[in-house]
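A.B. asks: I grabbed these lines from TrEMBL:
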| type | residues | note |
| --- | --- | --- |
| BINDING | Asp32, Asp34, Asp203 | Mg(2+) binding site |
| ACT_SITE | Asp32 | active site, nucleophile |
| ACT_SITE | Asp34 | active site, proton donor |
| BINDING | Asp43, Asp123 | substrate binding site |
Amino acid sequence: MKKCCEGVGLPCLFKGVGMASSRPPSYLLVFDFDETIIQENSDDSILRAAPGKVLPDHIRQTFREGFYNEYMQRVLTYLGDQGVKMGDFKTVYENIPLSPGMPELFQFLSKNHELFEIILISDANTFGIESSLRAAGVYSLFRKIFSNPSSFDKRGYFTLGPYHSHKCLDCPANMCKRQILTEYLAERAQEEVEFQRVFYVGDGANDFCPSGTLTSADVAFPRKGYPMHRMTQEMEKKQPGAFQATVVPWESAAEVACYLQELVKKKC
């Protein structure tokens with residue numbers, strides 16, 4: 001591991017995080033969830049709770065591009081019909097592994113919590129995200145989680161709704177992360193909290209849209225080889241300089257921790 005990461009990779013217990021600070025944080029750190037914080041797509045992971053761990057063809061064939069949230073509503077109804085209960089889902093979410101290096105990144109953030117305001121924007125669901133983050137011991141690091149609302153109805157069925165509606169042509173019908181991030185920054189500015197820099201850690205095509213709002217002072221951390229990374233590369237070829245943020249691809253989230261640690265040292 002690089003010298004700048006010495007001390008980042010030590011085992012840790014995530015205690016005492018989320019403590020109040022008299023100063024507003026200098027940086028906003030935005031995380032995606034699926035295949036970013038966790039190693040898998042959690043919507044695929046819950047199929048471990050399905051009979052035979054697979055979906056029948058008549059469910060899978062209802063998928064339409066751009067309407068994944070509606071598709072997952074049908075998947076969850078099917079799982080409910082099969083007797084899959086809250087405890088089954090919770091067990092799956094709690095056992096999804098973190099992505100490589102993510103524990104090291106969270107350890108760094110827990111040690112420097114006064115510098116970073118951390119939020120999560122994900123097209124997964126609130127129950128699954130909270131279950132995973134609590135199991136990992138890092139839930140208290142996050143100031144806010146933006147995701148599709150989910151709950152369990154009277155039958156014990158896992159229900160899912162869309163986050164919002166929007167007019168963005170590049171994003172799925174239920175969520176535009178750009179709109180969420182833009183509104184959050186505006187809300188924090190009204191509260192007299194403005195960040196020196198914004199950092200965005202993601203992997204998917206729906207992470208490319210919000211990262212396009214970042215300025216030259218900000219940093220995008222796309223997971224190497226995933227859609228967000230490929231899309232930043234394609235934009236740079238087609239329109240050099242159009243993507244303003246510094247792009248730092250990562251294979252291990254320890255690389256993100258290393259970059260942030262160097263930034264904190266320089267206080268830039």
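Glycine is treated like the rest: Cβ placed from N, Cα and C.
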A.B. asks: Sorry to bug you, but what's the C-alpha spacing from Asp123 (substrate binding site) to Asp34 (Mg(2+) binding site), rounded to the closest Å?
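C.D. replies: Given the Cα positions, Asp34 (Mg(2+) binding site) is 8 Å from Asp123 (substrate binding site).
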A.B. asks: Where's the emptiest Cβ shell within 10 Å among the binding-site residues Asp32, Asp34, Asp43, Asp123, Asp203?
C.D. replies: Asp43
A.B. asks: Measuring Cα to Cα, how far is Asp123 (substrate binding site) from Asp32 (Mg(2+) binding site) in Å?
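C.D. replies: The separation of the Cα atoms works out to 8 Å.
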A.B. asks: Around the Mg(2+) site (Asp32, Asp34, Asp203), what further same-chain residues have their C-beta within 8 angstroms of the site's C-beta centre?
C.D. replies: Phe33, Glu35, Thr36, Ile37, Ser122, Gly202, Gly204, Asp207, Arg223, Tyr226
A.B. asks: To the nearest whole angstrom, state the Cα distance for the pair Asp203 (Mg(2+) binding site) and Asp43 (substrate binding site).
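C.D. replies: It is 15 Å, counting Cα to Cα.
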A.B. asks: Cα-Cα, whole number of Å: Asp43 (substrate binding site) versus Asp32 (Mg(2+) binding site)?
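C.D. replies: With the alpha carbons as reference points, the distance is 14 Å.
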